[in-house]
Amino acid sequence: MMRHDRNVTEIDAETRPDENLWHSGDSAVGAPPAATPAAMTDLPEDRYLNRELSWLDFNARVLALADDNSLPLLERAKFLAIFASNLDEFYMVRVAGLKRRDEMGLSVRSADGLTPRKQLALIGEHTQRIATRHARVFLDSVRPALAEEGIHIVTWADLDQAERDELSTYFTEQVFPVLTPLAVDPAHPFPFVSGLSLNLAVMVRQTEDGGQHFARVKVPNNVDRFVELAAPRAGAEGENRGVVRFLPMEELIAAFLPLLFPGMEIVEHHAFRITRNADMEVEEDRDEDLLQALERELARRRFGPPVRLEIADDMTEGMLELLLRELDVHPGDVIEVPGLLDLSSLRQIYDLDRPALKDPAFVPDTHPAFADRESPKSIFATLREGDVLVHHPYDSFSTSVQRFIQQAAADPNVLAIKQTLYRTSGDSPIVRALIEAAEAGKQAVALVEIKARFDEQANIRWARALEQAGVHVVYGLVGLKTHCKTCLVVRREGSAIRRYCHIGTGNYNSKTARLYEDVGLLTAAPDIGADLTDLFNSLTGYSRKVSYRNLLVAPHGIRTGIIERVEREIAAHRERGQGRIRLKMNALVDEQVIDSLYRASQAGVRVEVVVRGICALRPGVQGYSENIFVRSILGRFLEHSRIIHFRNINEFWIGSADMMHRNLDRRVEVLAQVKDPKLTAQLDELFESALDPSTRCWELGPDGQWTPSPQEGHTVRDHQVSLMERHRSP
């Protein structure tokens, strides 16, 4: 049931005036670089897929994992939670940006020709479908399966009297004191409802005159969402071993609403949740102190306008209309689902100590190049012998990249450590190493990107801690986010100076390095060392260098560098055939890069894309993309590496940049060429595994639909499992 469908046409109408992925970060208002008009090319107008709908398709693939009975049960619950968190961020940033464009009258059409209003309408329809499916996967599949394993998520009606008595004591002692029922009447205005909070909308009736009044009760966000009952239900000896029962907190509060409203009759109560605009605008050019400006904007973010209202499907029309009016939410922004709201809380269930219901434990191995070297100089000695390519999480981050930085901090011959920090872990060994380096008298420089979305507050804390320890902290370039993953170590060796470098695709975060798939290059190559020296000078000083020896650096060099190499691959293919371009990345959106791949396809070059998330390229269309093949791999680890290969010109590149406007135009990004044949062979093996016809994946069709592959009845291999087995083998 979608009661708000009656109003969807209001969004779709063109009468009113006319960015993230899960960390997409695109500017919500600024227009992207214009694609080459179709009239100036032999390419059709409809050659792009909509990026917003493509992102929703990505999240639908995450949901498909939750619905996969072959996966361990608690992993399926985790994917339900990831789906919910992903969708929250999408609305807080991407949908919020489209709404702002629409409200400001900026009717800039997307690359596929849609106005902001039309995109909002399509997003609402698509979201309602997948949100309903999300709820049904939980209700009809995951929750019953959990119950079969002794993990029961119950309702108040399922409880016996002993359990209700137990919860009555818990509620009175632990929950009731922190609840604040907020009435709405002439003396009490409608309360502020914070974004992503879970709430109960309550209608009460006065017993004296029968007058009805609305009140809101916020479900506390500093207690567990699921209340665990202290004892299993009575049963035969051994029958309940391992059985746990959980009651959602909102059900507990609802059961005791009479205690919150004594003397009043509870007429009805319903759960609801709103999402607010969390996209920030910091006027960097006008603010001398970026850190203070960002802190002011962070304080404002919690008061952003609502962009989504989630309700349970049993909410009455009258209650819904009241919420729409008081919260100033458009009916088309209502998402109505059966069952529980905010399934991101299922992470609490995932954290149960039930290893049999999770993926088998995986412990990363130390890279062979570092396995037998334990002295403080071992990493440097290894890199003097040759470059090393690490592939996380299969190669341990802590015994490679982290050890590289820690040994640099402890080595008396190291003179300087310069590093970019975009997202780092809560108790970061990388940050501690930089502090130790500064305290030891080394020149320690940290470029902390305090504008990393949803990590701003944490990065501000780290920036201040680093500054207090004597680390030189800079915040990058005005108007640009610094997203590159680079570290430069300067070491005195005899009478000479040698530079050691790390360039990666992932963050310097020891926790996510166990969950994210990334690659990194550790090298003592002089040309890369010189390039990183120039790069850090541009980040910390007034250097405006835009060309490098062995790097492509955005915002000036990556788009042009990639397109130029596509053209060289085309020319080489025309000369001797065998043209092939392979790309692995998180997102492919940039129209100019996409058009260059279309030209390669038209020339007969085979183009293979492995993309985790958004893909605006339309493959498999006769005349311009019949030689392009796109697939998506999702699994236990988040596929995060960015790798590009041009076969005929024999170049492999790795780095931080996806092919998106934000990466190529509004960020400092770095791609590095990997030249060592032993290392390029490793990257080639990675591509061959990902592109193997039997690899479990989704394939993108010319109609924009993603289809599971291989088809039923064919041999199926898991790319990530194969890599784990390969790294475990001697």
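Cβ atoms are placed via backbone N, Cα and C, with glycine included.
According to Swiss-Prot:
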type: ACT_SITE; residues: H483; note: active site, phosphohistidine intermediate
type: BINDING; residues: N86, Y516, R612, H640; note: ATP binding site
type: BINDING; residues: R423, R453; note: Mg(2+) binding site
type: COMPBIAS; residues: 1-21; note: compositional bias 'Basic and acidic residues'
type: REGION; residues: 1-39; note: region 'Disordered'
* Structure fact -> Smallest Cα-Cα separation from R423 (Mg(2+) binding site) among the recorded positions N86, H483, Y516, R612, H640 is shown by H483
* Give the number of CB atoms, excluding that of H640 (ATP binding site) itself, located within 10 Å of its CB. => 22
* **Euclidean distance between Cα atoms of H483 (active site, phosphohistidine intermediate) and N86 (ATP binding site), Å** => 20
* **Candidates Y516, R612, H640 (binding-site residues) - the one closest to the residue listed as 'active site, phosphohistidine intermediate' by CA** => H640
* Among the recorded positions R423, H483, R612, which residue has the largest number of other Cβ atoms within 10 Å of its own Cβ? -> H483
* Sort Y516 (ATP binding site) into helix, strand or coil using the DSSP assignment. => strand
* Structure fact -> Counting every protein chain shown, other Cβ atoms within 10 Å of the Cβ of Y516 (ATP binding site) number 19
* Asked: So for N86 (ATP binding site), how many other CB atoms are inside 10 Å of its CB?
  -> 20
* Structure fact -> By a three-class reduction of DSSP, N86 (ATP binding site) is assigned helix
